[in-house]
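Note sheet for the following structure.
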Amino acid sequence: MTISPPESGEKDKKILESPVKADPRPIDFAKLDKPGFWSSKLSKGPKTTTWIWNLHADAHDFDIHTGDAEEATRKIFSAHFGHLAVIFIWMSAAFFHGARFSNYSGWLADPTHVKPGAQQVWAIVGQEMLNGDLGANYNGIQISSGVFHMWRAWGITNESELMALAIGAVVMAALMLHAGIFHYHKAAPKMEWFQNIESMLNHHIAGLVGLGSLAWAGHCIHIGAPTAALLDAIDAGTPLVINGKEIATIADMPMPHQLCDPQIIAQIFPGLASGTGNFFSLNWLAFSDFLTFKGGLNPVTGSLWMTDVSHHHLAFGVIAIIGGHMYRTNYGIGHSMKEILDSQQGDPILFPAPKGHQGLFEFMAESRHAQLSVNLAMLGSLSILISHHMYAMPPYPYIATDYMTVLGLFTHHMWIGGLFIVGAGAHAGIAMVRDYDPAKHIDNVLDRILKARDALISHLNWVCMWLGFHSFGLYIHNDTMRALGRPQDMFSDSAIQLQPIFAQWVQSIQASAVGTSILAGTAEALPHKAISEVFNGSLVEVGGKVAIAPIPLGTADLMIHHIHAFQIHVTVLILLKGVLYARSSRLIPDKASLGFRFPCDGPGRGGTCQVSSWDHVFLGLFWMYNCLSIVIFHFSWKMQSDVWGLTGGNFSQSAITINGWLRDFLWAQSSQVLTSYGSAISMYGLMFLGAHFIWAFSLMFLFSGRGYWQELFESIVWAHNKLKVAPTIQPRALSITQGRAVGVTHFLVGGIATTWAFFHARLFGLG
């Protein structure tokens, strides 16, 4: 890829003087009528059916459109605004539906008895069957997205506020679309601007993250927390009094702007009306009524305290603003990322790399795929972390007792995390093929890792085999012993125990730490319940349902956790092998010249198929899917058994055999989806069936040979020619890579939608 040369007379200018180029690409609407205008080959139009596949495969591969790194980077930057516009439109739709069609007000008035509903379905051919009784005289479709709980935490108390948000989100979408067009066609940033790493870190960390968190803290403090205090008091049956008036219902609530009146807010949080004098005199304890550190859950709502959440966002915002100013920008002070990396030499004994991290800054700064890979890996890991917060630290009021929402959000964030991490492997492979220059990386950390790849992959392979045989072997042993009627010889909590002693130790030290530490700057100890209740804490009940409870761990957990470890390591093995061998291998030394995706290394070279970096991503997706399926199955059954009290605590004895998983989880819990016809959850029965078909359809692509299809097409074309109705676009069988792409897509979509229907029907069916 080439990099545009600097324009004449601009080499000596500072970046801030001329960061953009005016009118680099005038808007040409004529291009939009020509599919594939960015490719001389595709713009000629279709001659065979392969054209449509190449159009989709290459439309967003900006690298190959012009070969100019600056142009590709501008397209990425512009596409970000387009992405934000789509997000705002999606948010607007959610707000609008909440305002016009949902039962938000009814749910808000009685969240422990009324279920969240999206809309009422019109009766066209019997769809009114789907309108279930959600309480408070509302019949509609039950939802599990958690938006109602989130809106209550924000401080939204009526549909008018939702409609205002819907309008605001549409306006923001229009602004984002305009920004995307403007920053590509009218004022496009130059490459030097994109490469100004320290300024970018300053802007992203201090500006977007820091100020964003601080602004959100402001909303939580002035609107969210006061509204939550009033609503919690109503729900607890002890309404607050404002200006002599009892706030007994939502209709009595002050308007949002009234909560900013010092006279009104002083009656909810006196510290909030005390003015800024306490801030500048460092008397910050005056603010401890609305910036709290209570820990644990609000017993009324079963969620984190809104005042704790406010405190968290304020602290995080301040930390990010300070952290974002660590880097050297215009004033010659602070850290230089290049200097930091170049000075890192690595461990001289464990990992000797004479040139250390030299060259790493340039590679990361110039390779968009390398940047994206790191960001996807981190964001994917963060998404998986968020999954666990859904049950360990429920963030929104009443969400913890809406079991399908907890399970749905856990599952959703798991899938997102898994897809992002596989994406990290994909873009790392592309970076190695397209952006990595071996001549620039001699004896540095990247070079040393590539030289050690055989040791890395062979050891990882050994770990996978060890984990796989041993963890699966425990289940095989238990199934055999149970079949032979020898329960005393099984691995279980009542026979041969395999207790997760390290996990239990972590739980106990978390619980024992409460009340032993001193808060910084005060003489107060950490309050009780300063950690999650799942770590040997206490049970919190809301509306007669368990919101959170200690999660005991035993032999069944140790066994399934080792299955998790096995599957995670196999997924990592596949993805890492795809990256480390992306450019070359013993089998194909010139793999880099074949590109990121190729079917085989030509005829006569047996064993060279399915070795491209793309094929590793393809295989990694299957293992990611298998891995996370077991994770969400484990979570679903464990919570139903040991926390929510829905399956009589059968996890510890049933989950120790394969037969137990098949019989007591999959079969027993699928009764709701299999018997859903004729009820309000019948759509999940149809989805369960249809998604199985989509999944099975994928096998036709994954197991097929191209020759069969091409031969079939030829005979069909012959028949059309005989009838003189032959198409002008010649049919072509899918390439090996295209077939695999279609196969894995339907496999994942079918599998995920099947699980979606299974989970929803189960928990909605139980009520």
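A Cβ is built for glycine as well, from the same backbone N, Cα and C atoms used for every other residue.
Feature annotations, reproduced from Swiss-Prot:
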- C600, C609: [4Fe-4S] cluster binding site (BINDING)
- H692: divinylchlorophyll a' binding site (BINDING)
- M700, Y708: divinyl chlorophyll a binding site (BINDING)
- W709: phylloquinone binding site (BINDING)
- 8-22: compositional bias 'Basic and acidic residues' (COMPBIAS)
- 1-22: region 'Disordered' (REGION)
- 76-99: transmembrane segment (TRANSMEM)
- 162-185: transmembrane segment (TRANSMEM)
- 201-225: transmembrane segment (TRANSMEM)
- 309-327: transmembrane segment (TRANSMEM)
- 368-391: transmembrane segment (TRANSMEM)
- 407-433: transmembrane segment (TRANSMEM)
- 455-477: transmembrane segment (TRANSMEM)
- 558-576: transmembrane segment (TRANSMEM)
- 616-637: transmembrane segment (TRANSMEM)
- 681-703: transmembrane segment (TRANSMEM)
- 741-761: transmembrane segment (TRANSMEM)
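Here the features listed in Swiss-Prot are painted onto the structure.
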| residue | record | Cβ neighbours (10 Å) |
| --- | --- | --- |
| C600 | [4Fe-4S] cluster binding site | 17 |
| C609 | [4Fe-4S] cluster binding site | 13 |
| H692 | divinylchlorophyll a' binding site | 15 |
| M700 | divinyl chlorophyll a binding site | 12 |
| Y708 | divinyl chlorophyll a binding site | 10 |
| W709 | phylloquinone binding site | 16 |
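Between the transmembrane segment (616-637) and the transmembrane segment (741-761), the number of CB pairs under 8 angstroms, six or more residues apart, is three or more, so the stretches are in contact.
Comparing C-alpha positions, M700 (divinyl chlorophyll a binding site) sits nearest to W709 among the binding-site residues C600, C609, H692, W709. Comparing 76-99, 201-225, 407-433, 558-576, 741-761 for CB pairs under 8 angstroms to the transmembrane segment (309-327), the maximum falls on 201-225. The stretch from 76-99, 201-225, 407-433, 741-761 with the most CB pairs below 8 A to the transmembrane segment (558-576) is 407-433. Across the structure, Y708 (divinyl chlorophyll a binding site) and C600 ([4Fe-4S] cluster binding site) are spaced 19 Å apart at their Cα atoms.
Sequence-distant contacts of the transmembrane segment (741-761) (same chain, at least 6 residues past either end, Cβ-Cβ under 8 Å): 144, 404, 407-408, 411, 415, 618, 621-622, 625, 629, 632, 636, 669-670, 672-673, 676, 681, 684-685, 687-688, 690-702, 734. The list of residues near the transmembrane segment (201-225) in space but at least 6 beyond its ends in sequence, with Cβ under 8 angstroms from a Cβ of it, reads 153-155, 256, 259-260, 265, 269, 272, 290-291, 306-307, 309-310, 313-314, 316-325, 327, 329, 337. The two recorded residues H692 (divinylchlorophyll a' binding site) and C609 ([4Fe-4S] cluster binding site) have their Cα atoms spaced 29 Å from each other.
With respect to their backbone Cα atoms, C609 ([4Fe-4S] cluster binding site) and the residue listed as 'phylloquinone binding site' stand 19 Å from each other.
A distance of 19 Å separates the Cα atom of W709 (phylloquinone binding site) from that of C600 ([4Fe-4S] cluster binding site).
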